[in-house]
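Copied over from TrEMBL, here are the features:
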type: COMPBIAS; residues: 1-10; note: compositional bias 'Basic residues'
type: REGION; residues: 1-55; note: region 'Disordered'
type: COMPBIAS; residues: 29-55; note: compositional bias 'Basic and acidic residues'
type: TRANSMEM; residues: 92-112; note: transmembrane segment
type: TRANSMEM; residues: 118-145; note: transmembrane segment
type: TRANSMEM; residues: 166-186; note: transmembrane segment
type: TRANSMEM; residues: 206-224; note: transmembrane segment
type: TRANSMEM; residues: 233-254; note: transmembrane segment
type: TRANSMEM; residues: 274-293; note: transmembrane segment
type: TRANSMEM; residues: 314-334; note: transmembrane segment
type: TRANSMEM; residues: 400-420; note: transmembrane segment
type: TRANSMEM; residues: 426-447; note: transmembrane segment
type: TRANSMEM; residues: 459-483; note: transmembrane segment
Amino acid sequence: MAHHFHKFPRTKTSAQDLPIYTHTSRTQRNKETEEDQAVKMEGGEGPTELKERSNGVEALSLESGEAPEQSQQQKHAVTSAHTVDKDSWQQVGVMLVTSFNCAYVLSFSNLMLVPLGWAWGMTCLVVVAAFTYYANWLLAGLHVIDGRRFIRYRDLMGYTFGNRMYYLTYFLQFTTLLLGNMGFILLGGRALKEINSECSNSPLRLQYYIAVTGIVYFIFAYFVPTMSAMRNWLATSAILTIIYDVILIVILVKDGRANKTKDYNIPGSRIEKVFNAFGAVAAILVCNTSGLLPEIQSTLRKPVVSNMRKALTMQFTIGLIVYYGISIAGYWAYGSAVSEYLPYQLSGPKWANILINLTAFLQSTVSQHMFCAPIHEALDTKFQKLDEGMFSRTNLQLRFLLRALVFGLNTFVTAMFPFMGDFVNLFGSFTLFPLTFVFPCMVFLKVRAKSAKREEKAWHWANIILFLLLAIVTTAAAVRSIVHNARVYHFFADT
(Lines of atoms letter the chains of each structure in order from A and count residues from 1; the text may use other names and numbers.)
(Lines give C-alpha, C1' and ligand atoms only; values in the text may rest on other atoms or scores of the structure.)
Protein backbone atom coordinates (compact mmCIF):
# COMPACT_ATOMS: atom_id res chain seq x y z
CA MET A 1 0.00 0.00 0.00
CA ALA A 2 1.37 3.39 -0.97
CA HIS A 3 1.28 6.25 1.47
CA HIS A 4 1.57 9.73 0.06
CA PHE A 5 2.93 12.97 1.34
CA HIS A 6 0.77 15.64 -0.28
CA LYS A 7 1.77 19.16 -1.07
CA PHE A 8 -0.91 21.83 -1.29
CA PRO A 9 0.02 25.14 -2.94
CA ARG A 10 -0.76 28.12 -0.78
CA THR A 11 -2.44 31.17 -2.26
CA LYS A 12 -1.57 34.66 -1.11
CA THR A 13 -3.56 35.66 1.94
CA SER A 14 -3.55 38.31 4.58
CA ALA A 15 -1.45 37.88 7.68
CA GLN A 16 -4.23 36.34 9.71
CA ASP A 17 -5.16 33.69 7.14
CA LEU A 18 -4.27 30.06 7.79
CA PRO A 19 -3.15 27.34 5.34
CA ILE A 20 -5.32 27.03 2.22
CA TYR A 21 -5.81 23.80 0.30
CA THR A 22 -6.47 23.53 -3.43
CA HIS A 23 -6.23 19.78 -3.83
CA THR A 24 -7.17 18.12 -7.15
CA SER A 25 -6.37 14.69 -8.54
CA ARG A 26 -4.04 14.38 -11.54
CA THR A 27 -6.90 13.49 -13.89
CA GLN A 28 -9.16 16.29 -12.69
CA ARG A 29 -6.58 19.05 -12.41
CA ASN A 30 -8.10 21.29 -15.08
CA LYS A 31 -11.78 20.47 -14.43
CA GLU A 32 -14.24 22.46 -12.35
CA THR A 33 -16.49 20.22 -10.24
CA GLU A 34 -20.10 20.80 -9.29
CA GLU A 35 -19.07 21.03 -5.64
CA ASP A 36 -16.68 23.88 -6.37
CA GLN A 37 -19.58 25.82 -7.89
CA ALA A 38 -21.95 24.89 -5.08
CA VAL A 39 -19.74 26.23 -2.31
CA LYS A 40 -18.19 29.19 -4.10
CA MET A 41 -18.58 32.34 -2.02
CA GLU A 42 -20.40 35.15 -3.71
CA GLY A 43 -17.95 37.57 -5.23
CA GLY A 44 -15.03 35.21 -4.66
CA GLU A 45 -12.51 33.93 -7.13
CA GLY A 46 -13.80 31.12 -9.32
CA PRO A 47 -12.46 27.57 -8.88
CA THR A 48 -11.22 27.29 -12.45
CA GLU A 49 -9.13 30.44 -12.23
CA LEU A 50 -7.79 29.44 -8.82
CA LYS A 51 -6.79 25.95 -9.97
CA GLU A 52 -5.10 27.30 -13.08
CA ARG A 53 -3.16 29.73 -10.94
CA SER A 54 -2.15 27.02 -8.45
CA ASN A 55 -1.05 24.55 -11.14
CA GLY A 56 -2.65 21.53 -9.44
CA VAL A 57 -1.10 19.28 -6.79
CA GLU A 58 2.10 17.30 -6.71
CA ALA A 59 2.23 14.11 -4.65
CA LEU A 60 5.39 12.70 -3.11
CA SER A 61 5.45 9.00 -2.26
CA LEU A 62 6.90 8.54 1.20
CA GLU A 63 7.09 4.81 0.66
CA SER A 64 9.34 5.08 -2.39
CA GLY A 65 11.06 8.25 -1.29
CA GLU A 66 10.79 9.76 -4.77
CA ALA A 67 10.46 13.51 -4.90
CA PRO A 68 9.55 15.53 -8.01
CA GLU A 69 11.51 18.66 -8.72
CA GLN A 70 10.00 21.59 -6.90
CA SER A 71 9.08 24.88 -8.44
CA GLN A 72 9.61 28.06 -6.47
CA GLN A 73 5.90 28.05 -5.57
CA GLN A 74 5.94 24.44 -4.38
CA LYS A 75 8.76 25.09 -1.92
CA HIS A 76 6.25 26.96 0.21
CA ALA A 77 3.46 24.38 -0.14
CA VAL A 78 1.32 23.21 2.77
CA THR A 79 2.06 19.55 3.52
CA SER A 80 0.47 16.40 4.89
CA ALA A 81 2.32 13.18 5.61
CA HIS A 82 -0.86 11.13 5.30
CA THR A 83 -2.88 9.97 2.30
CA VAL A 84 -5.43 12.35 0.78
CA ASP A 85 -8.03 11.88 -1.98
CA LYS A 86 -7.72 8.09 -2.34
CA ASP A 87 -10.60 6.28 -0.57
CA SER A 88 -14.09 5.33 -1.76
CA TRP A 89 -17.21 6.38 0.13
CA GLN A 90 -18.00 2.71 0.80
CA GLN A 91 -14.67 2.29 2.59
CA VAL A 92 -15.22 5.41 4.69
CA GLY A 93 -18.81 4.36 5.39
CA VAL A 94 -17.74 0.95 6.70
CA MET A 95 -15.03 2.64 8.77
CA LEU A 96 -17.64 4.94 10.35
CA VAL A 97 -20.10 2.09 11.03
CA THR A 98 -17.52 -0.16 12.67
CA SER A 99 -15.72 2.63 14.52
CA PHE A 100 -18.91 3.88 16.17
CA ASN A 101 -19.89 0.30 17.03
CA CYS A 102 -16.75 -0.13 19.10
CA ALA A 103 -16.45 -1.13 22.77
CA TYR A 104 -17.96 2.21 23.79
CA VAL A 105 -21.37 0.70 22.96
CA LEU A 106 -20.93 -1.56 26.00
CA SER A 107 -21.23 1.51 28.27
CA PHE A 108 -23.99 3.52 26.59
CA SER A 109 -26.97 1.76 28.21
CA ASN A 110 -25.81 3.12 31.54
CA LEU A 111 -24.55 6.49 30.35
CA MET A 112 -27.38 7.45 27.99
CA LEU A 113 -30.60 5.88 29.27
CA VAL A 114 -30.33 5.37 33.04
CA PRO A 115 -30.25 9.15 33.76
CA LEU A 116 -33.14 9.84 31.33
CA GLY A 117 -35.55 6.91 31.57
CA TRP A 118 -37.63 5.59 28.70
CA ALA A 119 -39.60 8.65 27.58
CA TRP A 120 -36.87 11.28 27.73
CA GLY A 121 -34.22 8.74 26.77
CA MET A 122 -35.87 7.68 23.51
CA THR A 123 -36.76 11.28 22.66
CA CYS A 124 -33.18 12.47 23.17
CA LEU A 125 -31.77 9.55 21.17
CA VAL A 126 -33.86 10.55 18.15
CA VAL A 127 -33.46 14.33 18.46
CA VAL A 128 -29.69 14.32 19.07
CA ALA A 129 -29.12 11.86 16.21
CA ALA A 130 -31.21 14.01 13.83
CA PHE A 131 -29.41 17.24 14.74
CA THR A 132 -26.01 15.52 14.58
CA TYR A 133 -26.73 14.09 11.13
CA TYR A 134 -27.80 17.53 9.90
CA ALA A 135 -24.75 19.27 11.41
CA ASN A 136 -22.35 16.75 9.84
CA TRP A 137 -24.22 17.01 6.53
CA LEU A 138 -23.75 20.80 6.69
CA LEU A 139 -20.07 20.54 7.58
CA ALA A 140 -19.43 18.06 4.76
CA GLY A 141 -20.73 20.69 2.32
CA LEU A 142 -18.14 23.18 3.59
CA HIS A 143 -15.15 20.99 2.76
CA VAL A 144 -14.49 23.01 -0.41
CA ILE A 145 -14.83 26.79 -0.35
CA ASP A 146 -13.89 29.01 -3.28
CA GLY A 147 -12.15 26.02 -4.87
CA ARG A 148 -10.02 25.47 -1.77
CA ARG A 149 -10.17 22.05 -0.11
CA PHE A 150 -9.75 21.96 3.67
CA ILE A 151 -8.35 18.65 4.92
CA ARG A 152 -8.21 19.75 8.56
CA TYR A 153 -10.96 21.28 10.69
CA ARG A 154 -8.61 23.82 12.21
CA ASP A 155 -7.59 25.07 8.75
CA LEU A 156 -11.23 25.60 7.78
CA MET A 157 -11.89 27.62 10.92
CA GLY A 158 -8.61 29.52 10.62
CA TYR A 159 -9.27 30.45 6.99
CA THR A 160 -12.77 31.64 7.84
CA PHE A 161 -12.20 33.41 11.16
CA GLY A 162 -8.44 33.85 11.66
CA ASN A 163 -5.71 32.59 13.98
CA ARG A 164 -7.67 32.56 17.22
CA MET A 165 -10.29 30.19 15.86
CA TYR A 166 -7.54 28.08 14.29
CA TYR A 167 -5.91 27.47 17.66
CA LEU A 168 -9.22 27.14 19.53
CA THR A 169 -10.32 24.44 17.08
CA TYR A 170 -6.92 22.78 17.40
CA PHE A 171 -7.29 22.68 21.19
CA LEU A 172 -10.91 21.47 21.25
CA GLN A 173 -10.37 18.81 18.60
CA PHE A 174 -7.20 17.35 20.06
CA THR A 175 -8.71 17.40 23.55
CA THR A 176 -11.61 15.38 22.15
CA LEU A 177 -9.32 12.88 20.46
CA LEU A 178 -7.01 12.42 23.45
CA LEU A 179 -9.87 11.97 25.94
CA GLY A 180 -11.63 9.64 23.52
CA ASN A 181 -8.48 7.55 23.18
CA MET A 182 -8.22 7.32 26.96
CA GLY A 183 -11.75 5.97 27.01
CA PHE A 184 -10.78 3.34 24.44
CA ILE A 185 -7.78 2.31 26.53
CA LEU A 186 -9.93 2.01 29.66
CA LEU A 187 -12.56 -0.08 27.87
CA GLY A 188 -9.86 -2.32 26.42
CA GLY A 189 -8.39 -2.80 29.89
CA ARG A 190 -11.78 -3.71 31.32
CA ALA A 191 -12.36 -6.23 28.53
CA LEU A 192 -9.04 -7.95 29.26
CA LYS A 193 -9.71 -7.93 33.00
CA GLU A 194 -13.14 -9.50 32.46
CA ILE A 195 -11.57 -12.25 30.31
CA ASN A 196 -9.05 -12.96 33.04
CA SER A 197 -11.74 -13.03 35.75
CA GLU A 198 -13.61 -15.70 33.76
CA CYS A 199 -10.48 -17.85 33.62
CA SER A 200 -8.88 -17.12 37.00
CA ASN A 201 -9.88 -16.54 40.61
CA SER A 202 -7.08 -14.04 41.18
CA PRO A 203 -7.28 -11.33 38.50
CA LEU A 204 -4.67 -8.60 38.43
CA ARG A 205 -5.44 -4.93 39.04
CA LEU A 206 -7.11 -2.99 36.22
CA GLN A 207 -3.97 -0.91 35.68
CA TYR A 208 -2.04 -3.92 34.34
CA TYR A 209 -4.67 -4.51 31.67
CA ILE A 210 -4.72 -0.82 30.82
CA ALA A 211 -0.97 -1.01 30.23
CA VAL A 212 -1.35 -4.05 27.96
CA THR A 213 -4.10 -2.26 26.00
CA GLY A 214 -1.93 0.80 25.52
CA ILE A 215 0.91 -1.36 24.17
CA VAL A 216 -1.40 -3.16 21.71
CA TYR A 217 -2.84 0.15 20.45
CA PHE A 218 0.68 1.50 20.05
CA ILE A 219 1.76 -1.49 17.95
CA PHE A 220 -1.28 -1.18 15.68
CA ALA A 221 -0.80 2.57 15.17
CA TYR A 222 2.88 2.00 14.40
CA PHE A 223 2.35 -0.54 11.63
CA VAL A 224 -0.91 1.00 10.32
CA PRO A 225 0.22 4.63 10.25
CA THR A 226 -2.69 6.39 8.49
CA MET A 227 -6.48 6.42 8.37
CA SER A 228 -6.49 5.21 4.75
CA ALA A 229 -4.23 2.29 5.74
CA MET A 230 -7.12 0.93 7.82
CA ARG A 231 -8.73 -0.40 4.60
CA ASN A 232 -7.00 -3.76 5.01
CA TRP A 233 -8.48 -4.14 8.50
CA LEU A 234 -12.06 -2.98 7.97
CA ALA A 235 -13.38 -6.40 6.92
CA THR A 236 -11.87 -7.93 10.05
CA SER A 237 -13.33 -5.14 12.16
CA ALA A 238 -16.78 -5.66 10.61
CA ILE A 239 -16.70 -9.41 11.30
CA LEU A 240 -15.65 -8.84 14.91
CA THR A 241 -18.42 -6.26 15.30
CA ILE A 242 -21.05 -8.70 14.05
CA ILE A 243 -19.78 -11.47 16.33
CA TYR A 244 -19.94 -9.58 19.61
CA ASP A 245 -23.11 -7.64 18.71
CA VAL A 246 -25.06 -10.80 17.82
CA ILE A 247 -23.93 -12.73 20.90
CA LEU A 248 -24.57 -9.70 23.09
CA ILE A 249 -28.11 -9.22 21.80
CA VAL A 250 -28.94 -12.91 22.30
CA ILE A 251 -27.75 -12.85 25.94
CA LEU A 252 -29.47 -9.52 26.64
CA VAL A 253 -32.78 -10.86 25.36
CA LYS A 254 -32.36 -14.00 27.49
CA ASP A 255 -31.46 -11.99 30.60
CA GLY A 256 -34.25 -9.49 29.99
CA ARG A 257 -36.88 -12.20 29.81
CA ALA A 258 -35.55 -13.84 32.98
CA ASN A 259 -35.39 -10.56 34.91
CA LYS A 260 -38.85 -10.06 36.41
CA THR A 261 -37.86 -7.27 38.79
CA LYS A 262 -36.59 -4.62 36.38
CA ASP A 263 -36.73 -1.09 37.77
CA TYR A 264 -36.64 1.87 35.38
CA ASN A 265 -36.88 4.63 37.97
CA ILE A 266 -34.29 7.38 37.56
CA PRO A 267 -31.91 7.31 40.56
CA GLY A 268 -30.68 10.28 42.57
CA SER A 269 -31.98 13.46 44.16
CA ARG A 270 -33.74 16.13 42.10
CA ILE A 271 -30.55 18.13 41.50
CA GLU A 272 -28.60 14.96 40.72
CA LYS A 273 -31.24 13.92 38.19
CA VAL A 274 -30.93 17.27 36.40
CA PHE A 275 -27.13 17.17 36.16
CA ASN A 276 -27.08 13.48 35.21
CA ALA A 277 -29.65 14.10 32.48
CA PHE A 278 -27.44 16.72 30.85
CA GLY A 279 -24.51 14.32 31.13
CA ALA A 280 -26.59 11.71 29.32
CA VAL A 281 -27.26 14.15 26.46
CA ALA A 282 -23.51 14.64 26.11
CA ALA A 283 -23.03 10.86 26.04
CA ILE A 284 -25.62 10.54 23.26
CA LEU A 285 -23.64 13.08 21.24
CA VAL A 286 -20.45 11.06 21.77
CA CYS A 287 -22.33 8.00 20.53
CA ASN A 288 -23.04 9.72 17.19
CA THR A 289 -20.12 11.93 16.20
CA SER A 290 -16.37 12.39 16.43
CA GLY A 291 -15.48 16.04 15.84
CA LEU A 292 -13.05 15.15 13.03
CA LEU A 293 -15.26 15.04 9.94
CA PRO A 294 -12.98 17.20 7.71
CA GLU A 295 -10.04 14.88 8.48
CA ILE A 296 -12.14 11.83 7.58
CA GLN A 297 -13.45 13.57 4.46
CA SER A 298 -9.91 14.40 3.36
CA THR A 299 -9.28 10.73 2.59
CA LEU A 300 -12.18 10.58 0.11
CA ARG A 301 -11.77 10.81 -3.64
CA LYS A 302 -13.88 13.26 -5.61
CA PRO A 303 -16.69 14.26 -5.50
CA VAL A 304 -15.83 14.77 -1.84
CA VAL A 305 -19.09 16.36 -0.67
CA SER A 306 -21.54 13.81 -2.07
CA ASN A 307 -19.22 10.92 -1.16
CA MET A 308 -18.95 12.10 2.45
CA ARG A 309 -22.71 12.47 2.69
CA LYS A 310 -23.19 8.94 1.39
CA ALA A 311 -20.81 7.64 4.05
CA LEU A 312 -22.65 9.65 6.73
CA THR A 313 -25.95 8.19 5.59
CA MET A 314 -24.51 4.70 6.02
CA GLN A 315 -23.41 5.57 9.56
CA PHE A 316 -26.74 7.11 10.57
CA THR A 317 -28.78 4.20 9.22
CA ILE A 318 -26.91 0.88 9.51
CA GLY A 319 -24.51 2.02 12.21
CA LEU A 320 -27.09 3.86 14.30
CA ILE A 321 -29.51 0.93 14.29
CA VAL A 322 -26.81 -1.30 15.76
CA TYR A 323 -25.33 0.93 18.47
CA TYR A 324 -28.71 2.31 19.52
CA GLY A 325 -30.13 -1.23 19.47
CA ILE A 326 -27.45 -2.54 21.85
CA SER A 327 -27.92 0.42 24.18
CA ILE A 328 -31.70 0.06 24.31
CA ALA A 329 -31.52 -3.73 24.76
CA GLY A 330 -29.10 -3.36 27.68
CA TYR A 331 -31.37 -0.87 29.44
CA TRP A 332 -34.44 -3.03 28.79
CA ALA A 333 -32.72 -6.14 30.18
CA TYR A 334 -31.37 -4.70 33.44
CA GLY A 335 -33.22 -1.43 33.99
CA SER A 336 -31.63 1.31 36.09
CA ALA A 337 -29.24 -1.27 37.56
CA VAL A 338 -27.48 -1.75 34.20
CA SER A 339 -23.71 -1.70 34.61
CA GLU A 340 -21.35 0.91 33.21
CA TYR A 341 -19.76 -2.01 31.35
CA LEU A 342 -22.40 -4.46 30.08
CA PRO A 343 -20.32 -7.68 30.17
CA TYR A 344 -20.13 -7.36 33.98
CA GLN A 345 -23.81 -8.39 34.16
CA LEU A 346 -24.13 -10.96 31.39
CA SER A 347 -25.40 -14.32 32.63
CA GLY A 348 -23.20 -16.35 30.35
CA PRO A 349 -22.40 -18.95 29.22
CA LYS A 350 -18.77 -18.51 30.14
CA TRP A 351 -17.47 -18.96 26.60
CA ALA A 352 -19.86 -16.26 25.36
CA ASN A 353 -18.66 -13.76 27.94
CA ILE A 354 -15.04 -14.43 26.99
CA LEU A 355 -15.79 -14.16 23.27
CA ILE A 356 -17.69 -10.88 23.66
CA ASN A 357 -14.85 -9.27 25.59
CA LEU A 358 -12.17 -10.66 23.28
CA THR A 359 -13.87 -9.55 20.07
CA ALA A 360 -14.72 -6.16 21.58
CA PHE A 361 -11.07 -5.69 22.54
CA LEU A 362 -9.75 -6.68 19.10
CA GLN A 363 -12.38 -4.64 17.25
CA SER A 364 -11.61 -1.55 19.31
CA THR A 365 -7.92 -1.91 18.50
CA VAL A 366 -8.89 -1.11 14.91
CA SER A 367 -11.67 1.39 15.69
CA GLN A 368 -9.63 3.58 18.02
CA HIS A 369 -7.20 4.31 15.21
CA MET A 370 -9.73 6.45 13.31
CA PHE A 371 -10.23 8.71 16.32
CA CYS A 372 -6.50 9.12 16.95
CA ALA A 373 -5.32 9.45 13.33
CA PRO A 374 -5.45 13.30 13.18
CA ILE A 375 -3.02 13.45 16.11
CA HIS A 376 -0.68 11.06 14.32
CA GLU A 377 -1.01 13.10 11.11
CA ALA A 378 -0.06 16.33 12.85
CA LEU A 379 2.99 14.76 14.52
CA ASP A 380 4.09 12.84 11.42
CA THR A 381 3.84 15.94 9.23
CA LYS A 382 5.79 17.98 11.78
CA PHE A 383 8.60 15.55 12.61
CA GLN A 384 9.00 12.89 9.93
CA LYS A 385 11.54 13.18 7.12
CA LEU A 386 9.14 13.99 4.32
CA ASP A 387 11.73 13.49 1.60
CA GLU A 388 12.13 9.84 2.61
CA GLY A 389 9.83 6.83 2.40
CA MET A 390 7.12 6.23 5.02
CA PHE A 391 8.91 3.01 6.02
CA SER A 392 12.45 4.29 5.77
CA ARG A 393 14.67 3.57 8.76
CA THR A 394 14.63 7.19 9.91
CA ASN A 395 10.86 7.54 9.69
CA LEU A 396 10.28 4.19 11.36
CA GLN A 397 12.40 5.35 14.29
CA LEU A 398 10.66 8.73 14.44
CA ARG A 399 7.22 7.14 14.23
CA PHE A 400 8.16 4.76 17.04
CA LEU A 401 9.00 7.69 19.29
CA LEU A 402 5.92 9.70 18.30
CA ARG A 403 3.47 6.85 18.79
CA ALA A 404 5.16 5.88 22.08
CA LEU A 405 4.76 9.46 23.31
CA VAL A 406 1.02 9.56 22.51
CA PHE A 407 0.09 6.15 23.89
CA GLY A 408 2.50 6.30 26.81
CA LEU A 409 0.97 9.55 28.06
CA ASN A 410 -2.63 8.45 27.42
CA THR A 411 -2.13 5.08 29.07
CA PHE A 412 -0.61 6.64 32.20
CA VAL A 413 -3.44 9.18 32.57
CA THR A 414 -6.07 6.47 32.00
CA ALA A 415 -4.52 4.25 34.67
CA MET A 416 -4.54 7.19 37.08
CA PHE A 417 -8.18 8.21 36.44
CA PRO A 418 -10.14 5.06 35.44
CA PHE A 419 -13.59 6.70 35.51
CA MET A 420 -15.31 5.76 32.24
CA GLY A 421 -18.42 7.94 32.45
CA ASP A 422 -16.42 11.06 33.14
CA PHE A 423 -14.31 10.61 30.02
CA VAL A 424 -17.40 10.31 27.84
CA ASN A 425 -19.42 13.15 29.35
CA LEU A 426 -16.54 15.61 29.51
CA PHE A 427 -15.41 15.44 25.91
CA GLY A 428 -19.02 15.16 24.76
CA SER A 429 -19.93 18.42 26.46
CA PHE A 430 -16.87 20.62 26.48
CA THR A 431 -15.60 19.91 22.97
CA LEU A 432 -18.09 18.06 20.79
CA PHE A 433 -20.98 20.52 21.12
CA PRO A 434 -18.94 23.38 19.60
CA LEU A 435 -17.20 21.17 17.01
CA THR A 436 -20.38 19.43 15.90
CA PHE A 437 -23.05 22.14 16.03
CA VAL A 438 -21.67 25.62 16.67
CA PHE A 439 -18.69 25.86 14.31
CA PRO A 440 -20.42 24.54 11.15
CA CYS A 441 -23.23 27.07 11.63
CA MET A 442 -20.68 29.86 12.11
CA VAL A 443 -18.88 28.93 8.90
CA PHE A 444 -22.17 28.71 7.00
CA LEU A 445 -23.21 32.18 8.14
CA LYS A 446 -19.79 33.58 7.20
CA VAL A 447 -19.56 31.91 3.80
CA ARG A 448 -23.19 32.43 2.77
CA ALA A 449 -23.61 35.86 4.36
CA LYS A 450 -24.87 37.47 1.17
CA SER A 451 -26.79 34.60 -0.38
CA ALA A 452 -28.51 32.94 2.62
CA LYS A 453 -32.19 33.64 3.22
CA ARG A 454 -33.35 35.33 6.41
CA GLU A 455 -34.91 32.08 7.63
CA GLU A 456 -31.63 30.21 7.10
CA LYS A 457 -29.70 32.81 9.06
CA ALA A 458 -32.22 32.72 11.91
CA TRP A 459 -32.10 28.90 12.00
CA HIS A 460 -28.32 28.73 12.22
CA TRP A 461 -28.12 31.52 14.80
CA ALA A 462 -30.65 29.63 16.90
CA ASN A 463 -28.48 26.52 16.63
CA ILE A 464 -25.41 28.45 17.74
CA ILE A 465 -27.12 29.91 20.82
CA LEU A 466 -28.88 26.67 21.82
CA PHE A 467 -25.83 24.44 21.58
CA LEU A 468 -23.52 26.95 23.24
CA LEU A 469 -25.86 26.94 26.21
CA LEU A 470 -26.00 23.14 26.17
CA ALA A 471 -22.19 23.01 26.03
CA ILE A 472 -21.94 25.18 29.15
CA VAL A 473 -24.55 23.25 31.14
CA THR A 474 -23.30 19.77 30.17
CA THR A 475 -19.70 20.76 30.90
CA ALA A 476 -20.75 21.88 34.37
CA ALA A 477 -22.47 18.52 34.86
CA ALA A 478 -19.37 16.63 33.73
CA VAL A 479 -17.05 18.63 35.99
CA ARG A 480 -19.41 18.02 38.92
CA SER A 481 -19.26 14.28 38.24
CA ILE A 482 -15.46 14.34 38.05
CA VAL A 483 -15.20 16.16 41.39
CA HIS A 484 -17.59 13.65 42.95
CA ASN A 485 -15.65 10.63 41.65
CA ALA A 486 -12.35 12.14 42.72
CA ARG A 487 -13.73 12.08 46.29
CA VAL A 488 -15.14 8.57 46.03
CA TYR A 489 -12.20 6.94 44.28
CA HIS A 490 -8.49 7.32 44.73
CA PHE A 491 -5.79 7.63 42.08
CA PHE A 492 -5.08 4.35 40.23
CA ALA A 493 -8.36 2.91 41.56
CA ASP A 494 -9.06 -0.72 40.67
CA THR A 495 -12.59 -0.06 39.37
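Cβ atoms here come from the backbone N, Cα and C positions, even for glycine.
Nobody curates TrEMBL annotations by hand; they come from automatic prediction.
Counting same-chain residues at least six beyond the ends of the transmembrane segment (166-186), those with a Cβ under 8 angstroms from any Cβ of the stretch are 18, 102-104, 153-155, 157-158, 210, 213-214, 217, 286, 290-292, 364, 367-368, 371-372, 374-375, 378, 406-407, 410-411, 413-414, 418, 420, 423-424, 426-427, 430-432, 434-435, 439. For the transmembrane segment (118-145), the partner stretch with the highest count of Cβ pairs under 8 angstroms, out of 206-224, 233-254, 314-334, 426-447, 459-483, is 426-447.
The transmembrane segment (92-112) makes contact with the transmembrane segment (233-254): 3 or more of their CB pairs lie within 8 A, with pairs spaced 6 or more apart in sequence. Stretch with the largest number of CB pairs closer than 8 A to the transmembrane segment (459-483), among 233-254, 274-293, 314-334, 400-420, 426-447: 426-447.
The transmembrane segment (400-420) shares more Cβ pairs under 8 Å with 206-224 than with any other stretch in the list 206-224, 233-254, 274-293, 426-447.
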